[in-house]
Amino acid sequence: MTQTVGLLVMAYGTPYEESEVEAYYTDIRHGKKPEPEEIEDLKARYRFIGGVSPLARITDEQAEALRDTLNKMYEEKDIVFKLYIGLKHIHPFIEDALEQMHEDGINKAVTIVLTPHYSNFSVGAYDKRADEEAEKYGISLTHVKSFYQQPKFIQYWVKQINHTLNLIPKEEKDNTVLIVSAHSLPENMIVQSHDPYPNELRETTRLLKELSNVTHVAQGWQSEGNTGTPWLGPDVQDLTRSLYQKNKYQHFIYAPVGFVCNHLEVLYDNDYECKLVCDEVGAVYHRPPMPNTDPLFMELWQMKLMLFYY
Ligand code: FEC
């Protein structure tokens, strides 16, 4: 008999239209409404990248590709995965997804958050919300906690970085630096709780240094918020300036490996803000394509989720 298993794909979420920016930003701030100028500033950033972020569309595409991959893999075992999308800061919220699962009679599900590195304050927070809701309905959840060390994930970035490096004239290759980054978080939260997040990014950086053809590699943090307290650093823009001052690199390749698709934090914080610094110092900005629904990236799910059912 066919067994139906829930597949809960969780992601950050983005406003679907400008009128939702205020509510979305208020949710990010845990219910505290941002100042009007902060809301205006965020709207302006969305306008800069084309009005809305492609995140919603790509999250759906990634989730559907994942479901299809799994359904092909588990056909022989007579297991069917039914997809639910649960977002952190906008509808459909994580709680909506669990409620729908319950209505559909699902009592077992796997969950995955579309970000590679684990922090108690990122993936851990999504999982906690899902667990609390699942408990109400008696749904049993199995979480994928991280996938930064999955060979296919690393292979994806190695391939893209090497491809970008090959576009650089041969004689300038040694004058090139790779900056590997993830979303920053407030330093006190991470340090006090011995959070694994910084070590996981460090490990990704190490693997990319070992396996790609780039000689010079640095690690940075990006997209930090405005909380008046220190965040994990160095910030990628400051890092660009200091690396340039010290080494006069001609080319900067940015790999924002803490994200898996095109969205505001990449299209604005990397493609606009980091490029601005590169332009300022007279270096060339490069940013390899994000994984999105690249087949190599989608293959990584197979390996990770196979662990649960074989
Ligand atoms: O394309 C889009 O519309 C949304 C892109 C987006 C992603 C994303 C991922 C992460 N965030 C993380 C942590 C924080 C913390 C704060 C914070 C603030 C914002 C704001 C926007 C935003 N984040 Fe985000 N984040 C995205 C978007 N994020 C917009 C608000 C304006 C701003 O600060 O720029 C600070 C909250 C505060 O102000 O108190 C903390 C982490 C990730 C990566 C993991 C994940 O995807 O969950 C960590 C994508």
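Cβ coordinates are placed from backbone N, Cα and C, and glycine is handled just like the others.
Values in this document were obtained by computation on a predicted structure and should not be read as measured data.
Taken verbatim from TrEMBL:
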type    : residues                      : note
BINDING : Y12, R29, R45, Y46, S53, Y126 : Fe-coproporphyrin III binding site
BINDING : H183, E265                    : Fe(2+) binding site
Whole-number Å value for how far S53 (Fe-coproporphyrin III binding site) lies from E265 (Fe(2+) binding site) (Cα to Cα): 10
Cα distance (Å, whole number) from H183 (Fe(2+) binding site) to S53 (Fe-coproporphyrin III binding site): 17
Distance from H183 (Fe(2+) binding site) back to R45 (Fe-coproporphyrin III binding site), taken between C-alpha atoms, in Å: 17
DSSP-derived structure type at H183 (Fe(2+) binding site), helix or strand or else coil: strand
Protein Cβ atoms within 10 Å of H183 (Fe(2+) binding site), excluding its own: 23
Integer Cα-Cα distance in angstrom, R29 (Fe-coproporphyrin III binding site) to H183 (Fe(2+) binding site): 16
Least surrounded among the binding-site residues, given as R29, R45, when other CB atoms within 10 Å are counted: R29
Minimum Cα separation from H183 (Fe(2+) binding site), reported as the residue among binding-site residues Y12, Y46, Y126 that achieves it: Y12
Secondary-structure category, per DSSP, in which E265 (Fe(2+) binding site) falls: helix
Least surrounded among the binding-site residues, given as Y12, Y46, Y126, when other CB atoms within 10 Å are counted: Y46
Among Y12, R29, R45, S53, H183, E265, the binding-site residues whose C-beta sits under 6 Å from ligand 1: Y12, R29, S53, H183, E265
Helix, strand or coil at S53 (Fe-coproporphyrin III binding site) [DSSP, three-state]: coil
Cβ-Cβ neighbours of E265 (Fe(2+) binding site) (radius 10 Å): 19
Per DSSP, three-state class assigned to Y12 (Fe-coproporphyrin III binding site): coil
